[in-house]
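Participant: Structure incoming, see below.
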């Protein structure tokens, strides 16, 4: 049995769809029936992605984090359980609201997100230290940066102490110390996050510079591989043993990119945790993300393994 643990955020998504975003001081109409709510947060989305894209007979997925004592928290726990995610170590915080993300999705599928952390702010160092036994026994720990940074740092140290591989998705993007990066087995930023990690925020990764960016991030001590996602251009990887390649994205019409990155992380994590080759795992992740972007919603857009297995007509960009 492969044990995958996700430590991270859980948010309720409040989504508004619109042809274009309003400018400052401007009021516009969104799409008719364009408002929806649903479970989200990078942590929860990635846990759901791992669960839906794995076989429950050989994979256990657990969520670590906090929700508020409100209706959003109840719905979050119910949704995670329904997807087969273990929530025994999700803590309900009294007199706190569950995290909220306000998401504006344009006609092109591009999105803008505003976060209110709520109970996610209670995922502190004390919480993480109390989870040491759970972290120490997993095969892979997945983390993002929607919880307090000091909690992420402690979790990295615990995982390192027990020889547990960590996949870090450094989003939302903030600078990280070289020590923190060196505790990661897999570092998976997008083009903007990679630039911020390298203190080059004005120069996002492109096809022309992505190899140099990946090499520099590897030099900080990433143990196995750096994967830089490039949106519709795919993902570039470079491993510690020198292997590198661009894995093309699948050619589809995007409707909503909100959960594309989280689907990619979940799919890749499940595949690599089960011992699949790096490139094969990334190709699987690209296929899963291509299905996600053709649907509206966050967690609701993440496909199941059965759906992915049945989608053989996706073409790669050339």
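Just so it is clear, glycine is given a Cβ too, placed from its N, Cα and C backbone atoms.
For 11, 12, 13, 41, 42, 43, 44, 45, 146, 262, the entry in Swiss-Prot reads substrate binding site. Feature annotation from Swiss-Prot assigns ATP binding site to 190, 229, 230, 231, 232, 233, 234, 261, 262; the stated evidence is sequence analysis. For 256, 258, 292, 295, 297, 301, the entry in Swiss-Prot reads K(+) binding site. Feature annotation from Swiss-Prot assigns active site, proton acceptor to 262.
Show me how these features fit into the structure around them.
Facilitator: Residue density at residue 262 (ATP binding site): 30 other Cβ atoms are found within 10 A of its Cβ, drawing on all protein chains shown. In this structure, residue 262 (ATP binding site) is part of a helix by DSSP.
In the three-state DSSP reading, residue 230 (ATP binding site) counts as coil. Around the Cβ of residue 230 (ATP binding site), 20 further Cβ atoms fall within 10 Å across all displayed protein chains.
In the three-state DSSP classification, residue 295 (K(+) binding site) falls within coil.
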Participant: Radius 10 Å, atoms counted are CB only; among the binding-site residues 42, 295, which position scores highest?
Facilitator: 42
Participant: If I take the Cα of residue 42 (substrate binding site) as reference, which of the binding-site residues 262, 292, 295 has the closest Cα?
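Facilitator: If we rank 262, 292, 295 by Cα distance to residue 42 (substrate binding site), first place goes to 262.
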Participant: Out of 230, 234, 256, 295, 301, which of these binding-site residues is nearest residue 11 (substrate binding site) by C-alpha distance?
Facilitator: 301
Participant: If you measure from the CA of residue 13 (substrate binding site) out to 10 Å, which binding-site residues from the list 190, 232, 256, 262, 292, 297 are inside that radius?
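Facilitator: Qualifying among 190, 232, 256, 262, 292, 297: 297.
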Participant: Between all pairs in 11, 12, 13, 41, 42, 43, 44, 45, 146, 262 (listed as substrate binders), what's the biggest Cα distance, rounded to the nearest Å?
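Facilitator: Output for substrate binders 11, 12, 13, 41, 42, 43, 44, 45, 146, 262: max Cα distance 15 Å.
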